[in-house]
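J.: I have a structure I would like to understand better, so I am pasting it below and will then ask my questions one at a time.
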Amino acid sequence: MSSSVPNSDRKIVTGPAGYILEDVPHFTDDFPDHPTYPNPLQDNAAYSVVKQYFVDEDDTVPQKIVVHPDSPRGTHFRRAGPRQRVYFEPDDVLACIVTCGGLCPGLNTVIREIVCGLSYMYGVKRILGIDGGYRGFYARNTIHLDLKTVNDIHRSGGTILGTSRGGHDTTKIVDSIQDRGINQVYIIGGDGSQKGAAAIFKEIKKRGLKVAVAGIPKTIDNDIPIIDRSFGFDTAVEEAQRAINAAHVEATSFENGIGLVKLMGRYSGFIAMYATLASRDVDCCLIPESPFFLEGPGGLFEFIDKRLKESGHMVIVIAEGAGQDLLAESMEESTTLKDASGNKLLQDIGLWISQRIKDHFAKKMTLTLKYIDPTYMIRAIPSNASDNVCCTLLAQSAVHGVMAGYNGFTVGLVNGRHTYIPFYRITEKQNKVVITDRMWARLLSSTNQPSFMKQDKIHSNQLVGEPGTMKW
Ligand SMILES: Nc1ncnc2c1ncn2[C@@H]1O[C@H](COP(=O)(O)OP(=O)(O)OP(=O)(O)O)[C@@H](O)[C@H]1O
Ligand SMILES: O=P(O)(O)OC[C@H]1O[C@](O)(CO)[C@@H](O)[C@@H]1O
Ligand SMILES: [Mg+2]
């Protein structure tokens, strides 16, 4: 027996042995008599032969898969995929796609696969692209999208639709959706964009519109919680290897050579951590979640000195958000600059730390430091094979969910299964590397770098967070 806990914003279903389903809204919540139609996939030559092609209504995916014999069953999310009945007739659909926030490898692949999914699987013909992010809803003309226009776009980096930060005016956006008669909205973007999607969904619900809103998470930083990872991350880690290799070549070619590579990661150091683990040439990885200091016993300078004496060269990878506290302390005036979306604008930690290392060792030894900043090169490229698969499955899952009447969800991979996650779970916090997790210990064991921390700090509440969601 399961029971539903009514809550205006949340659909929580509970069951025996501590089973919890954090469900997503559905058209029938507000429109119980909404007509349904047989899923056209039933007649699709590719799918009609597949056994159990449709997802069972009761299929859910557990958030935690490491359990003990007496563990409660815990939180689950609704499994993504096609349902027997759909809530849209193909000819009635007017879908739109928008890309928001920073670039990420794979954006064009997701756009392409939403268009292909809607067209091939559900026979939808009317699809619009929103030009230049959220503000494009009210400030620009729309872009016509069809199978022909998206055919080759996955080969290019960036987004054919353009993107932007800021400009989220909920009223104007929903006015535009209403005026144009759009009834499916696909929003591809990071944590900020998903907050924007939640605001749009709330306004649509308030106005009583029959419009579905689905989010597709875009994050090379891997800063979105709950999900295993999203598209672009794998490509970013792979591309970072080229910069790390160059840093290694430079470092090994000079006496006391140091190659320093700055990678993206404003608040979360996943790219730096995985690029380090992938490379094997990195001697030290610095991320925002792991504080460090420069001078004195146990500090970075002492470690550099030791490593140079041992091997004559060194490669350091630093995430852009690492050491910002040190940089701020050293500046006479504090800066609180933000971008148009309200994200803090960071100072260049790579340049700053390069200078500090050079200054520190200037009188002690001959040292050559080469600073490589490949950050934008890493996110402006097309997605690799693994991310292309990721993009395709996310796009198809989003389309299936919307056609099946689900609404107000972000599609995401949870423990290897595609799920529909309510917006509030996606937007409530950021995913970060938890340095008391096994993965950070694996990194420290791989580089053999010190933790740059004192034991009492490691066990303080500030650092012991929930386990990160990277599950490799
Ligand atoms: N709390 C919010 N409410 C409504 N809209 C928001 C909110 N936060 C951000 N947005 C809007 O979402 C869009 C993208 O946000 P942002 O620039 O933070 O990028 P993002 O989606 O987090 O992607 P990334 O940080 O990975 O580049 C912007 O247009 C911004 O105005
Ligand atoms: O310079 P922009 O476009 O604001 O983007 C920089 C940010 O975008 C990201 O790539 C994604 O959030 C961050 O890693 C980075 O800090
Ligand atoms: Mg963001």
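Quick reminder: no glycine exception, Cβ is built from N, Cα and C everywhere.
Feature list, courtesy of TrEMBL:
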ACT_SITE  Asp221  active site, proton acceptor
BINDING   Gly102, Arg165, Gly166, Gly190, Asp191, Gly192, Ser193  ATP binding site
BINDING   Asp191  Mg(2+) binding site
BINDING   Thr219, Ile220, Asp221, Met264, Gly265, Arg266, Glu320, Tyr376, Met377, Ile378, Arg379  substrate binding site
DOMAIN    96-400  domain 'Phosphofructokinase'
SITE      Gly192  site 'Important for substrate specificity'
J.: How far is it from Arg165 (ATP binding site) to Gly265 (substrate binding site), counting Cα to Cα, in Å?
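T.: Computed Cα spacing between Arg165 (ATP binding site) and Gly265 (substrate binding site) is 17 Å.
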J.: Of the recorded positions Gly102, Gly192, Ser193, Thr219, Asp221, Met377, which ones put their CB under 6 Å from ligand 2?
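T.: If the test is a Cβ under 6 Å from any atom of ligand 2, the answer is Gly102, Asp221.
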J.: Please name the residue among the binding-site residues Arg165, Arg379 whose C-beta has the most neighbouring C-beta atoms within 10 angstroms.
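T.: Sorting the candidates by Cβ neighbours within 10 Å, the top entry is Arg379.
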J.: When you average the Cβ positions of Gly102, Arg165, Gly166, Gly190, Asp191, Gly192, Ser193 for the ATP site, which other residues in that chain have a Cβ within 8 Å of that mean position?
T.: Cys100, Gly101, Gly189, Gly196, Ser341, Asn343
J.: Would you find the one among the recorded positions Asp191, Asp221, Glu320 whose Cβ has the most company, meaning other Cβ atoms within 10 Å?
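T.: The residue with the most neighbouring Cβ atoms within 10 Å is Asp221.
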J.: Ligand 1 is in the model; which of the binding-site residues Gly265, Glu320, Met377, Arg379 have a C-beta less than 6 angstroms from one of its atoms?
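T.: Passing the 6 Å Cβ check against ligand 1: none.
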J.: Would you mind sorting out which binding-site residues among Arg165, Asp191, Thr219, Glu320 put a C-beta under 6 angstroms from ligand 3?
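T.: Those binding-site residues that pass the cut-off, since their Cβ is under 6 Å from ligand 3, are Asp191.
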J.: For each of Gly102, Gly190, Gly192, Gly265, count the other CB atoms within 10 A of its CB; which of these binding-site residues has the top count?
T.: Gly265
J.: Measuring Cα to Cα, how many Å separate Asp221 (active site, proton acceptor) from Arg379 (substrate binding site)?
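T.: Roughly 10 Å, rounded to the nearest whole number.
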J.: Show me the subset of Thr219, Gly265, Glu320, Met377, Arg379 whose Cα is within 10 Å of Asp191 (ATP binding site); these are the binding-site residues I mean.
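T.: Passing the 10 Å Cα cut: Thr219.
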J.: To the nearest whole angstrom, state the Cα distance for the pair Gly192 (ATP binding site) and Thr219 (substrate binding site).
T.: 11
J.: Looking at the binding-site residues Gly102, Gly166, Gly190, Ser193, which has the shortest Cα distance to Thr219 (substrate binding site)?
T.: Gly190
J.: Mind looking up the mean pLDDT for the domain 'Phosphofructokinase' (96-400) in the predicted model?
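T.: Average per-residue pLDDT within the domain 'Phosphofructokinase' (96-400): 96.
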